[in-house]
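Okay, so here's the structure we're looking at.
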């Protein structure tokens with residue numbers, strides 16, 4: 001049997017159909033999940049290449065397998081492009097995910113039982129920053145900081161108080177749902193005061209940092225972690241950066257052989273392509289449009305009477321607080337989904353509602369901006385969202401509003417390109 005002549009449709013019609021239907025779904029909805037984006041055909045081509053066949057444990061020129069000449073070139077390109085993109089001295093492109101990038105830092109710099117200080121999950125932090133169900137909350141003494149109860153902004157005085165009290169070994173900045181800029185210099189000041197390492201997780205804002213639309217943490221943090229998708233618009237994967245090459249050596253050993261085995265060379269090649277795309281001038285214009293679109297989305301939703309957490313956004317994220325409207329995040333997200341608008345339910349700071357229900361929704365602009373949406377289009381999208389939310393408030397059965405908006409979504413989305 002010659003497998004080299006087989007295609008997916010002939011080999012596995014079930015998976016082939018799933019992929020075709022998912023392509024139809026992605027092309028026909030307004031995608032507002034803040035952690036999602038659409039990668040270029042070039043990135044897809046690299047990720048689906050024969051580099052997936054190559055095992056390459058170790059690092060370039062220090063592999064445990066022969067035949068790594070070409071994949072060494074690919075990884076070196078990814079490393080050098082990442083260093084250029086973020087203007088830093090060290091990069092590791094091997095983490096399979098953002099979570100594993102964070103785990104590698106913990107393995108390199110901490111011992112079980114050490115104290116870490118990160119943003120609480122309900123304030124917009126990430127599972128890997130010390131949440132109880134996560135390994136970071138099980139292996140370490142995890143202390144969490146919250147937001148200011150009046151402004152919903154990061155409370156640096158509270159972080160400093162907690163750092164003085166608990167003396168963490170590692171202070172973490174970063175989030176999965178926070179719409180404002182972070183003062184990395186202040187975080188480093190607090191870390192230095194208590195003798196802690198400072199790690200910045202920029203998974204959501206890596207594209208903003210790379211283009212200068214958000215302060216870079218690399219002048220302040222001992223170590224920076226990120227994903228390579230989201231605003232960076234690359235393949236799903238992780239990335240570790242630093243200007244401290246001694247810490248970089250510890251990270252390398254922690255990641256391999258400490259945490260991972262063979263790197264995914266097809267994904268690393270795709271990361272290299274994405275970094276090359278992000279180094280082009282038009283990528284900065286893209287990120288600026290992402291932010292402008294988020295601002296337009298937040299503004300119209302406010303005009304329609306909805307509470308936007310912190311009163312707006314500095315990045316790609318818009319958090320809608322639905323508590324005063326008597327709508328759960330789950331109800332809103334499901335109704336929007338039926339209307340052709342995809343987002344996610346999201347917890348609101350200091351809200352006691354179950355994370356499976358929530359009192360808010362999180363909206364993001366990267367994916368639709370990739371398809372070509374401008375501010376005027378997000379004005380229309382905001383009105384569509386508000387129409388659905390109005391219906392959720394007024395009627396248990398929201399099917400009439402959902403059908404109306406679905407028709408509007410279908411008409412709008414046809415104007416924007418998708419994969420051929």
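For all residues, glycine too, the Cβ spot is worked out from N, Cα and C.
Quick look at what Swiss-Prot annotates:
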BINDING   121, 125, 126, 127, 246, 354, 355, 356  (6S)-5,6,7,8-tetrahydrofolate binding site
MOD_RES   230  N6-(pyridoxal phosphate)lysine
SITE      229  site 'Plays an important role in substrate specificity'
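Feature map: annotations from Swiss-Prot on the structure.
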residue: 121; record: (6S)-5,6,7,8-tetrahydrofolate binding site; CB count, 10 Å: 21
residue: 125; record: (6S)-5,6,7,8-tetrahydrofolate binding site; CB count, 10 Å: 25
residue: 126; record: (6S)-5,6,7,8-tetrahydrofolate binding site; CB count, 10 Å: 23
residue: 127; record: (6S)-5,6,7,8-tetrahydrofolate binding site; CB count, 10 Å: 16
residue: 229; record: site 'Plays an important role in substrate specificity'; CB count, 10 Å: 24
residue: 230; record: N6-(pyridoxal phosphate)lysine; CB count, 10 Å: 26
residue: 246; record: (6S)-5,6,7,8-tetrahydrofolate binding site; CB count, 10 Å: 9
residue: 354; record: (6S)-5,6,7,8-tetrahydrofolate binding site; CB count, 10 Å: 11
residue: 355; record: (6S)-5,6,7,8-tetrahydrofolate binding site; CB count, 10 Å: 12
residue: 356; record: (6S)-5,6,7,8-tetrahydrofolate binding site; CB count, 10 Å: 9
>> Max CA to CA distance in Å over the (6S)-5,6,7,8-tetrahydrofolate-binding set 121, 125, 126, 127, 246, 354, 355, 356?
In response: 43
> What's the CA to CA span in angstrom from residue 355 ((6S)-5,6,7,8-tetrahydrofolate binding site) over to the residue listed as 'N6-(pyridoxal phosphate)lysine'?
Replying inline: 22
> Reported as an integer number of Å, what is the Cα distance between residue 356 ((6S)-5,6,7,8-tetrahydrofolate binding site) and the residue listed as 'N6-(pyridoxal phosphate)lysine'?
Replying inline: 23
> What's the CA-CA gap between the residue listed as 'N6-(pyridoxal phosphate)lysine' and residue 126 ((6S)-5,6,7,8-tetrahydrofolate binding site) in angstrom, rounded?
Replying inline: 15
> How long is the line from the C-alpha of residue 127 ((6S)-5,6,7,8-tetrahydrofolate binding site) to the C-alpha of residue 229 (site 'Plays an important role in substrate specificity'), rounded to the nearest angstrom?
Replying inline: 18
>> With DSSP assignments reduced to helix, strand and coil, which class does residue 126 ((6S)-5,6,7,8-tetrahydrofolate binding site) get?
In response: coil
>> Please report the distance from the Cα of residue 246 ((6S)-5,6,7,8-tetrahydrofolate binding site) to the Cα of residue 229 (site 'Plays an important role in substrate specificity'), rounded to the nearest angstrom.
In response: 27
